[in-house]
Amino acid sequence: MQKSTNSDIPVETLNPTRQGTGAVQMRIKNANSHHDRLSQSKSMILTEVGKVTEPISRHRRNHSQHILKDVIPPLEQLMVEKEGYLQKAKIADGGKKLRKNWTTSWIVLSSRKIEFYKESKQQALSNMKTGNKPESVDLCGAHIEWAKEKSSRKNVFQITTLSGNEFLLQSDIDFIILDWFHAIKNAIDRLPKDPSSHSRNLELFKIQRSSSTELLSHYDSDTKEQKPEHRKSLMFRLHHSASDTSDKNRVKSRLKKFITRRPSLKTLQEKGLIKDQIFGSHLHTLCEREKSTVPRFVKQCIEAVEKRGLDVDGIYRVSGNLATIQKLRFIVNQEEKLNLDDSQWEDIHVVTGALKMFFRDLPEPLFPYSFFEQFVEAIKKQDNNTRIEAIKSLVQKLPPPNRDTMKVLFGHLTKIVARASKNLMSTHSLGIVFGPTLLRAEDESGNMAVHMVYQNQIAELMLSAYDQIFS
C-alpha cells in the first residue's frame, strides 16, 4: 500500500497503468468534490450577482397552512367595505345623553360594524398600545336617519344602536356624506332586524370557520404516512362508498319529490298558515288584510300619544330606547295582543319611535314614488293658494289607503302643533321629522340636499293647510 502525497486516501499499487489511471480518477474526484463544496458554499451566500438570499426558514408548514394562506385571504380584507375621514359626535351612551363634541375620526365600515379611529387605521394599529382599542359600533338592529334638527352643521345623519348609543356623522362635501349614508344603510339592511338572529348567525359563522380549520387539519393528517390499521380502515371506507352513493341518490330523489309537491306560497297565505309581518309590508296589502284603509297599529299609536303625549317636550323629535322599540316591533309582527297602556311602554317616546319606524320601513313611502316629482313641482309654485290647490288635487288622486292614512296622521300632528307652547314642536320641527320619512325619491342618489328641502316644505304645508287640503 502507498499513500498519495496530495491526499489521505490510500491508492493500490497494482501496476503502473492501473495506478496512473487511479491517480487520474482520484484527482478528478477530488476536483469535483472541491467544486461541489465551493458551489454549495456560494449557494448559501449568493444566488445571483450582488443579491443576498433570504434565510431559509426551519419551520416546516403543513398542507393546511399552505391552503389557508393561498385560498383564504385575511378576514379584514374580506370585511372592510369603506373607510375614510368624517366628523363624528357621540350624543348618547346607553340611552344617557352626552354633550355634543365634534372630532375628526377615521371611520372603517365593515359588514357588521363601524370602528372609529383617531387616525388612519394603519397608523392606529402601528401606534396602538396594549388595551387601547378603537370605538366599535354594532350595526345589527341599528337605525340610520338624517338629523338636520340635531346640529347647525349641514349634511348630518344619525346612527342609533340597539344598546342606546347615538352618533352623529357629518361632512361638508355632499357626495361624500351621501356615499357614506348609503353604504351604512345598505350594511344595516343586509343584517337581520332581530338581534337574536344576528347572534345565531354569528355563532354559525364561528362554527363554519372552526369546522373548516378542522377539515384542513384532517386533510393534512391524511396526507402523512399511514399505519397499516389506517390503510385497512381506508379500504373499508372505499368498500362502502358505493352503498353510500346509492343512499345519497335515494335521499336526493325523496327531497326532489317533496319540493315539487309542497304547496305554493299563495296557497299557504290563503289558508292563513303564512302571514306577512306588519312592519315592512306594503301599505295596501296590510290594509287589505285588516279590511281597513288605515293600519290598526297606526291608529293605536296615535291614540296612545293623544292620551298621554301631547304635552311632552320634544314629542316625535326625541328618540326612545331603540331596544324597547325593537321589542315592540317584534310583538306587533307576531300579531300578539298589544296594549300600549302597559307599563313596559310607559315611555311615550318608544311609541312615537315605533310609529316613525313603521313608516320608514314601508317598501314604498306614504307618498308613493310615482307621485314624488308631482308633489315637488306643486311645492315649487310661487303663489301659496296655487300650491295648496295643487297639493289637494294630488292627495285626492292617491290610493285610498295612502290618502286615508295621510289624513289620520296629519290630523293627529295638527293636534301636536296646537300644543306647541308646551311640547315645543312647531310646524317646521314636525316637517323636518316627518318630511324625509313620508316622502322620498325612488332613486336618492341625486340632489339629496335639494330633495330634503322640498320634503320638509311639503310636510309643513300639509300641516299648515290641513283643513283646506283634506276638506
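Note that Cβ sites are derived from N, Cα and C of the backbone, with glycine treated the same way.
Pulled from Swiss-Prot:
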{"type": "REGION", "residues": "1-20", "note": "region 'Disordered'"}
{"type": "MOD_RES", "residues": "S43", "note": "phosphoserine"}
{"type": "DOMAIN", "residues": "79-189", "note": "domain 'PH'"}
{"type": "MOD_RES", "residues": "S196", "note": "phosphoserine"}
{"type": "MOD_RES", "residues": "S199", "note": "phosphoserine"}
{"type": "MOD_RES", "residues": "S243", "note": "phosphoserine"}
{"type": "DOMAIN", "residues": "281-470", "note": "domain 'Rho-GAP'"}
{"type": "SITE", "residues": "R317", "note": "site 'Arginine finger'"}
> Do you know the DSSP helix, strand and coil residue counts for the domain 'PH' (79-189)?
Replying inline: 27 helix, 44 strand, 40 coil
> Which ones in the same chain are close to R317 (site 'Arginine finger'), with CB under 8 Å and 6+ residues apart in sequence?
Replying inline: E149, M425, S429, V433
> Along the domain 'PH' (79-189), what average pLDDT does this model show?
Replying inline: 85
